Amino acid sequence: MSMPKHSQDCRYIYYFRRKDSSKELMDSLSTPKLLASVLLLASLCVRAEVDDVPLSPYYYDGTCPLAELIVKQTVEAVVYRDPRMAASLLRLHFHDCFVLGCDASVLLDDTDGIVSEKNAGPNKNSLRGFEVIDLIKGLLEAACPSTVSCADILAMAARDAVHLRGGPTWKVYLGRKDSLKASLSEANKMIPAPNFTLDMLISNFQSHGLDVVDLVSLSGSHTIGRSRCVSFKGRIYGQDPVEPFEAYDHHRRYADFFRSLRSVCPPTGRDGVLVPLDSKTSRRFDNQYYRNLIRGHALLQSDDELASAAYAEEEAIARLVWAYAQDQRLFFRHYVSSIIKMGTINVLTGGEGEVRKNCRYVNAYYH
């Protein structure tokens, strides 16, 4: 099932959806009552968007009423032992939805006829948390055999992971089915790279039915987690290790930050060393990420792109960065709306796909 076509009215409820009205919106929304009205309309629009697909927060109430509790308690136990796993579980949901849709294709292992997405450049030796999903699936199969899909597990685990790190919570719309295939080529092509330009990011998100508000709010996921040195070495050293960024860093926004990164990530070697995406509060889901962007302390080039303002649409994006940096509740509200929306990308429902018994293999593998 493709992404629902949203009404034109809803698309302009959020901040800066119109290029010619971003300043006016910023000024007018200083009125508390109007801001509350806009946020209410935004939440109603998201509900309307989700209602266009046959998903429901109550999907398992009659068939597996303890499903969400089982997922939540398992994620709690795992994240307590390994706090970084929260970001890993959230990233799994993203990498799943951006390839073929939210269908758990990212969980499939190599088998006859299936080349796993785990081998794709953005995933190999980077994506983790598969064993956690296996554990949750095993518990759910014991409680409710062949009922809860792996795609729904990913969506619930992402929600619980965010909330455990201090972020918002939300109702997860459930009823997805699991795919019967994976796509290595799509995984290599459709997952945004850490060196993407802003135009590339906008185009990528648009291809998934997501707009600039979704781009900026969902990028806030980088408030938790870490990245390997190899993902940003080009940013701190450039083509020439002797003269990388100094030529354009006239205000020294990057100098001290880059110097600290260079002390951890040398020009050669140590590619797998992990560095927090948020240098201030890497274990807490908050709006510090956006404050970092404004200061020039974005770890990834793709994150730094959000703070640019060369063109009208980019100016709207930069204004969103400033708005989220100043108002964490606004960031949380938009984040919830966007991740719910993302969770409906190309979902399989009804007779499409299947409910896998083991998230790593299609059911036919056992026959």
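Each residue, glycine too, has its Cβ placed from N, Cα and C.
As given in TrEMBL:
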type     : residues                         : note
ACT_SITE : H95                              : active site, proton acceptor
BINDING  : D96, V99, G101, D103, S105, E117 : Ca(2+) 1 binding site
BINDING  : P192                             : substrate binding site
BINDING  : H222                             : heme b binding site
BINDING  : T223, D278, T281, D286           : Ca(2+) 2 binding site
DISULFID : C64-C144                         : disulfide bond
DISULFID : C97-C102                         : disulfide bond
DISULFID : C150-C359                        : disulfide bond
DISULFID : C229-C265                        : disulfide bond
DOMAIN   : 54-363                           : domain 'Plant heme peroxidase family profile'
SITE     : R91                              : site 'Transition state stabilizer'
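Where TrEMBL records a feature, it is marked here on the structure.
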residue: C64; record: disulfide bond; contacts (Cβ under 8 Å, 6+ apart): L140, A143, C144, T147, V148
residue: V99; record: Ca(2+) 1 binding site; contacts (Cβ under 8 Å, 6+ apart): S105, V106, E117, S183, E186, A187, M190, I191
residue: G101; record: Ca(2+) 1 binding site; contacts (Cβ under 8 Å, 6+ apart): S179, I345, N346, V347, L348
residue: C102; record: disulfide bond; contacts (Cβ under 8 Å, 6+ apart): H93, D96, A151, L154, A155, R176, M342, G343, T344, I345, N346, V347
residue: T223; record: Ca(2+) 2 binding site; contacts (Cβ under 8 Å, 6+ apart): L277, D278, T281, R284, F285, D286, N287, Q288, Y289
residue: C229; record: disulfide bond; contacts (Cβ under 8 Å, 6+ apart): V264, C265, R270, D271, G272, V273, V275
residue: C359; record: disulfide bond; contacts (Cβ under 8 Å, 6+ apart): A104, L107, L108, I133, D134, K137, C150, I153, D178
Pop the Cα-Cα gap between D103 (Ca(2+) 1 binding site) and C97 (disulfide bond) into the table, whole Å please.
7
Do me a favour and check the Cα-Cα span between H222 (heme b binding site) and R91 (site 'Transition state stabilizer'); whole Å is fine.
9
Roughly how many angstrom lie between the C-alpha atoms of D103 (Ca(2+) 1 binding site) and H95 (active site, proton acceptor)?
11
Cβ atoms within 10 Å, counted per site: which of C97, C144, C265 has the most, among these disulfide-bonded residues?
C97
Among the binding-site residues S105, T281, which residue has its Cβ surrounded by the fewest other Cβ atoms within 10 Å?
T281
Length of the line joining the Cα atoms of R91 (site 'Transition state stabilizer') and the residue listed as 'substrate binding site', in Å:
12
Cβ atoms near H222 (heme b binding site) (within 10 Å, other residues, all chains):
24
Report, in whole Å, the straight Cα-to-Cα distance of the residue listed as 'substrate binding site' from H95 (active site, proton acceptor).
9
For the residue listed as 'substrate binding site': intrachain residues, at least 6 apart, with Cβ closer than 8 Å:
F98, M200, L201, N204, F205, S302
Sorted by sequence, non-T223, D278, T281, D286 residues with Cβ within 8 Å of centre, Ca(2+) 2:
I224, K280, S282, R284, F285, N287, Q288, Y289
Summarise the model confidence on the domain 'Plant heme peroxidase family profile' (54-363) as a single mean pLDDT, whole number.
91
Can you list, in sequence order, the residues of the same chain other than D96, V99, G101, D103, S105, E117 whose CB lies within 8 Å of the CB centroid of the Ca(2+) 1 site?
H95, C97, F98, L100, C102, A104, V106, S179, A182, S183, E186, A187
So for C150 (disulfide bond), how many other CB atoms are inside 10 Å of its CB?
29
